[in-house]
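These come from TrEMBL:
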- 1-26: region 'Disordered' (REGION)
- 17-26: compositional bias 'Polar residues' (COMPBIAS)
- 30-120: domain 'Fibronectin type-III' (DOMAIN)
- 110-143: region 'Disordered' (REGION)
- 127-136: compositional bias 'Basic and acidic residues' (COMPBIAS)
- 149-238: domain 'Fibronectin type-III' (DOMAIN)
- 226-262: region 'Disordered' (REGION)
- 266-320: domain 'Fibronectin type-III' (DOMAIN)
Amino acid sequence: EELPLPTEEPQDEKTQTEAPTSETTPAQAVLEDLSVSSVTPSSVQLQWSVPKGSFDSFMLQYRDAQGQPQALPIDGRSRSVTVPGLSSSHRYRFHLYGLRGGKRIDRVSTDAVTGEAEASEEPLPSEEPKQEKPKAEPPASEASLARVVLGELKVSSVTPNSVQLQWSIPEGSFDSFMLQYRDAQGQPQALPIDGGSRSVTVPGLSPSRRYRFHLYGLLGRKKTDHVSTEVMTEEPEELPLPTEEPQDEKTQTEAPTSEATPAQVVLEDLSVSSVTPSSVQLQWSVPKGSFDSFMLQYRDAQGQPQALPIDGRSRSVTVP
């Protein structure tokens, strides 16, 4: 393969499989059933299983519509991933590698074809929100027992190139969600979201631009409820971070007996845990206290400042 991975390792894996009684067996980990769980014009959601053992991490590799190799590192506890930024009506071949100790142990592959580009102005047909209303009218019917309601879609944070949205489910539960919007070029984008999620960060937006987001709740493949909101991204930042803040932090450190000490929180050890040609995985620690959230800032290859909001419980992030 021309993909950026050596060809020896899948052969190593076969040798392990052929010799189940060898010394490697206790540490053997098996990767199976890479399949496509959902497809949109611009994304693919994949899932897999690990019937035996466990992996430290995974690496998903594929070629984009221009034929360039892409690599996405994935947490070892994950069993699904959404690959955004794809081209519509295009066939992709995905290779998922299971890693232990930096070594690729097992591999599975699958093909997926993205959906056709949507031609309508609104991302979804207008019939579906209407279908929901008749269900609400007969409250004693069987349909009311299975009724699920999607709460208000709110904006929890905004940067020049990303938006974080959150919502609630006041009644029932959904199998999954679908967030739809148009990018700065007017192309429809669709992001599938796990049914247990109550927030999502949408990266790759343009600064100082108004976006309209539509969140759909799905039961099976049927869209049963829909909420929308509009957001204006912030103006581009002149410099990602002011230089005063590290100085403020030193002042706190110098006065450990001050009133600020009980609420002091410490961020340490930002390091690179993995690198691919098109992504970097970073990790850090919080040895003291806790943060509500994090903000990762950097400049892209064109020198434009980028900012990615991160949940306060996270200790790692992949920058694609």
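Even glycines carry a Cβ here, placed using N, Cα and C.
For the domain 'Fibronectin type-III' (30-120), DSSP puts the residue distribution at 0 helix, 58 strand, 33 coil. Broken down by DSSP into helix, strand and coil, the domain 'Fibronectin type-III' (149-238) contains 0 helix, 50 strand, 40 coil. Mean pLDDT across the domain 'Fibronectin type-III' (149-238) comes to 88 in this model.
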